[in-house]
Each structure stands twice: as C-alpha cells, then as structure tokens.
Amino acid sequence: MHLHFTPRQIVEKLDQYIIGQKDAKKAVAVALRNRYRRSKLAENLRDEIAPKNILMIGPTGVGKTEVARRMAKLVGAPFIKVEATKFTEVGYVGRDVESMVRDLVETSVRIVKEEMVVKVQDKAEEQANQRLVEILVPSPEKQSGFKNPLEMLFGGTQNSNQTTDSQEDVEIEKKRQDVERKLAAGLLEDEIVSIEVTEQQSSMFDMLQGTGMEQMGMNFQDALGSFMPKKTKKRKLSVKEARKVLTNEEAQRLIDMDEVTQEAVYRAEQLGIIFIDEIDKIAGKQSNSVDVSREGVQRDILPIVEGSNVATKYGSVKTDYILFVAAGAFHMSKPSDLIPELQGRFPIRVELTKLSTDDFVKILIEPDNALIKQYMALLATEGIEIEFSDEAIRKIAEIAYQVNQDTDNIGARRLHTIMEKLLEDLSFEASEITLEKITITPQYVEEKLATIAKNKDVSQFIL
C-alpha cells in the first residue's frame with residue numbers, strides 16, 4: 001500500500017496518464033491523503049471520521065472513470081466500477097445494490113492473495129522443482145517381501161529384499177541429484193512430463209449471476225465444496241510449463257486463506273473505493289408504472305453509502321469507511337434531481353470540462369500510454385517505424401474535436417475511432433510493406449479522414 005503520497009505527488013502521478021481535469025485530480029488526491037491522515041489518529045477519533053464521497057459531473061470520455069481507476073491503482077486499494085442502471089429495487093429480478101460491496105471484497109481478496117503468493121513464490125518454486133524431480137525419477141513400486149504363508153511365518157527372503165531395496169534407493173537418490181542439477185541448469189526445460197492438476201470445475205450456480213441470488217448460490221456452493229472431493233486430471237506439459245502449474249499449486253497450499261480473508265476484509269472496509277457510474281440515469285422522480293422505480297434504487301443505495309453491514313461469503317463487511325465516487329453526465333437531469341438524502345452523502349462536487357483541440361493534442365502524445373505511442377509500438381513489431389509530424393497530430397486532434405461537435409460528443413474515445421480509421425490500410429498491409437520508416441503527414445491525414453469528417457451523415461456511422 002502507498003498511502004504516503006502527498007496530494008501534489010498524487011496529482012503529478014495522475015498527470016502521467018490523464019490530461020487536464022485539475023479539479024477532479026485535486027479532489028481525489030485530497031480524499032486519498034485524508035485516508036492517510038485518518039490512519040494516524042487515535043482510534044476513538046478515527047472511528048468518527050468517514051471519507052467525503054465525491055460526485056463527478058461531466059460528459060462521457062473526459063476522464064471520470066480513469067481518474068478514479070488510476071487513483072486506486074496508485075495506492076493499491078481495492079477498486080470496482082459499477083453502473084447504477086444495472087441495479088434494481090428490492091423485490092424486482094436483477095442485481096441488488098449490496099452486490100457492489102461483495103464484488104469489492106472479491107477484488108480485495110484477489111489483490112491480497114496475489115501479494116501473498118509473491119511472498120511464498122521462492123518456497124513454492126523450490127517445492128515444485130522437488131515434485132518435478134520425483135516425476136522425472138519416480139520411486140519404484142515396492143514389492144511385498146512375503147510371497148506365501150510359509151514366508152510370512154519364517155521371513156525367508158526379507159533380508160535379501162531389504163538389501164535390494166537399499167541399493168535401489170541409493171541409485172534413485174543419485175539419479176535425482178543428477179536431475180536436480182540439470183533442472184537448475186535449465187537443461188530439461190523442453191522435456192515432456194505428465195502431471196496431475198486440480199480440475200477447475202464450472203459452477204452450476206453461474207446462472208444465478210445478475211439475478212440478485214449470487215450470494216445464496218455462492219454459500220450453497222461453498223457448503224457443497226467442503227464435502228465433494230476435488231477432481232484431478234492428467235496433463236502433458238513441458239517442464240517449463242509444468243513448473244508454473246506446480247508452483248501455483250504449491251503457492252496456494254502455502255498461503256493461509258484465513259489470513260488472506262482477514263486482511264482483504266480490512267482493506268475493503270478501510271481502503272476500498274466504489275465508483276458508481278451513470279448515477280444521473282437514476283436521478284429524477286418521474287417513474288412509469290412499467291419501469292422499476294429509479295427513486296427506489298437510490299433509496300437502496302443510500303444505506304450502503306451512509307454506512308451499513310453487508311453479508312458476504314467472507315463475513316460481515318462495514319461500508320462506513322468505503323470511499324464512494326459517483327459520476328454522471330447529467331445531460332437530461334441535474335444533481336439536485338437525486339433524492340436529498342443521497343445528495344448529502346456526496347459533499348464534494350467536481351465538474352469535469354469538455355476536451356478542446358489542445359487537450360486532444362496532449363492526449364495523443366503526452367501520457368505514458370499515449371495512443372500514438374501504442375500504434376508506433378504495434379507497427380514496430382512488423383519492422384516498421386512510423387512517426388507523426390506535429391502538423392499531422394494537430395490535424396488529427398482538430399478532426400476529432402470537429403466530429404465530436406457535429407455528432408455525439410464522446411470525448412477522448414473519439415481519438416480511438418479516428419486513429420483506427422487513419423491507420424486502417426497501413427495496419428492491414430504492414431506485414432507486406434518493405435519500407436522501414438513511414439512519416440504520417442497532414443496530407444495523409446487529410447486524404448484518409450477529411451472527406452468522411454466533413455460529411456456528417458457518413459461520419460456518424462464511420463467515425
């Protein structure tokens with residue numbers, strides 16, 4: 001966990017991936033720092049301080065989800081994104097709002113488990129290598145020293161059998177030491193071995209997903225799992241692949257699942273972040289009799305955000321200190337259309353701005369995972385070096401901005417569509433092109449995109 005970052009450091013880290021939106025970055029940076037500050041307080045005061053939930057307002061594609069996701073990744077906090085429209089009011093078929101907390105705990109368990117596996121990796125690999133040695137040089141089947149009732153009475157051949165067994169054991173030990181040396185030197189990586197692995201059983205309760213009955217299914221499945229033996233199957237793999245499988249199995253045996261569960265529940269409760277997208281879609285008090293009440297969903301979300309106990313397969317989880325980040329475009333509604341109680345639970349309001357042409361230029365070239373860098377890396381695998389002139393990048397940004405203005409504004413996601421269309425022919429012919437270096441010019445961009453971009457009827461289907 002990395003809760004020690006200062007707000008300024010958090011913003012600087014987010015700047016590496018997200019362009020603009022300073023207000024949103026500052027809000028999440030302060031929220032994260034307050035968690036660190038809270039952890040330093042005396043226990044009686046710490047229990048009184050709950051995180052200040054954030055409401056992000058802005059059109060699609062401006063970075064609402066990415067800000068929250070990168071923030072969680074930065075500190076290693078459990079994070080999930082849910083869509084408010086997927087939930088239904090209690091009493092209707094569909095996902096109940098408590099499932100978001102259960103999903104958060106599952107994410108937390110996965111994170112903690114991965115960390116624990118890393119800690120025992122060396123020991124697990126050592127045990128996996130030992131199993132490989134035993135597979136490559138198996139012990140001979142011991143034959144009974146008694147052939148008939150008379151031998152049983154007088155033990156006629158017992159000593160000779162013991163001598164033979166002792167010689168065989170010495171021979172096997174020598175062979176195993178030799179194999180151990182070869183394994184350590186990497187000389188047997190391509191040898192094929194047959195190993196028994198635990199079979200992943202498909203759950204008969206998968207059909208319950210999305211019906212609001214997942215918890216019942218999971219508990220029933222766990223109860224059955226403790227009685228039913230695990231199935232194993234034989235697989236033929238190279239030593240290299242078998243080592244990975246066996247190391248994973250040994251690591252699972254070495255980690256203490258009770259410790260994993262305890263730490264995971266603690267992290268979910270104290271450090272968890274739940275991002276509720278499209279909250280504007282459940283705002284508004286009008287509801288048709290045919291539709292599931294949107295206000296009812298808000299009222300179901302309210303106790304989770306306020307703080308309550310949610311039953312999960314890992315035990316009861318308190319939601320009092322989970323940070324909730326809600327987001328919505330609020331085109332057809334406004335934050336005040338949410339029920340007053342829910343509004344009060346999101347005291348920090350942040351408005352994200354629409355992206356300009358200059359923002360698009362920065363998005364294309366500045367972030368560590370910039371789109372142009374991605375395409376350059378992809379085509380480099382075919383032996384082609386592509387570069388974009390500054391004028392070409394500006395032209396791409398202008399076209400993306402214009403198409404957003406003329407059709408639906410989908411923010412930075414428009415750049416993905418534009419870039420795919422721009423490099424479509426080049427990507428298709430890359431394996432056959434003999435040129436080692438290609439420069440994308442404004443003329444090339446104009447040729448590939450301008451005609452489509454100017455025709456609104458065509459651009460709304462293609463771009």
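Cβ coordinates are placed from backbone N, Cα and C, and glycine is handled just like the others.
Remember, predicted model here, so these are calculated numbers, not experimental data.
Swiss-Prot names I19, G61, V62, G63, K64, T65, E66, E341, R413 for binding ATP. Of D169, D256, D258, D277, the residue it gives for the same site is D277. Classification of V62 (ATP binding site) by DSSP places it in coil, neither helical nor stranded.
Considering only the binding-site residues E66, E341, the Cβ with the fewest other Cβ atoms within 10 Å is that of E341.
Here the binding-site residues are I19, V62, and the one with the most other Cβ atoms within 10 Å of its Cβ is V62.
Within the same chain, the residues at least 6 positions away from K64 (ATP binding site) whose Cβ sits under 8 Å from its Cβ are A24, M56, G58, D277, A327, L352, listed in sequence order.
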